[in-house]
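Taking it in order: structure first as structure tokens, then the write-up.
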Amino acid sequence: MANQPIILNVYDMYWINEYTSSLGIGVFHSGIQVYGREFAYGGHPYPFSGVFEISPGDSTELGDTFKFKEAIALGSTDFTENDIEKIIEELGKEYKGNAYHLMHKNCNHFSSALSEILCGKEIPRWVNRLAYFSTCVPFLQSCLPKEWLTPAALQSSISQELQDELEEAEDAAASASTSTTAMPRPGRHTKL
């Protein structure tokens, strides 16, 4: 098994950190890098996975409000790339887009959960300090721009998922109409 490094990529969110960092509160997005891929989580209004993948450290894929800040080595893992695909798929069931919450289930919570699975370590506390602060100031989430909750890279994943669902529905409707018009032949058996 490979001993793959686990990297936390941290991104500054917009210009606000110029003002809030002196207060000890930053607004950060994060993702976990492993096997040359970066996995992150963002919110959207649909009941499917909010987990998405970008090129490691590429803030342009996240959108204009993000700027790469730093990469932090968290540890290493012996999970294979195939194992990680399965882990991401399972986490996607828990981290659905419509379950995103700034205080309780955000990108940094996802990064911490994935890091704990892969190398047994949480992310540094300062990365998610805004979530704690938000519990003290509950209206804060409603003051944040929508694009902070749904990164641009996630928008393409959402579009693809919605397109796939539409195609599946069209295929199901087409096969339902075909099966009602086709008469079964007596005496024929189909092997499964």
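Numbering starts at 1 and runs along the chain as displayed.
Cβ coordinates come from backbone N, Cα and C, glycine included.
As written in Swiss-Prot, here are the features:
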type: ACT_SITE; residues: His29; note: active site
type: ACT_SITE; residues: Cys107; note: active site
type: COMPBIAS; residues: 162-171; note: compositional bias 'Acidic residues'
type: COMPBIAS; residues: 172-182; note: compositional bias 'Low complexity'
type: DOMAIN; residues: 4-148; note: domain 'PPPDE'
type: REGION; residues: 160-192; note: region 'Disordered'
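Counting residues 6+ beyond its ends, the compositional bias 'Acidic residues' (162-171) has Cβ neighbours under 8 Å at 46 in the same chain. Distance between Cα atoms for His29 (active site) and Cys107 (active site): 6 Å, as a whole number. Residues of the domain 'PPPDE' (4-148) grouped by DSSP class, helix first, strand second and coil last, total 59 helix, 42 strand, 44 coil. Around His29 (active site), a 10 Å sphere centred on its CB holds 27 further CB atoms from the protein chains shown. Within the compositional bias 'Acidic residues' (162-171), the DSSP-based counts of helix, strand and coil residues read 10 helix, 0 strand, 0 coil.
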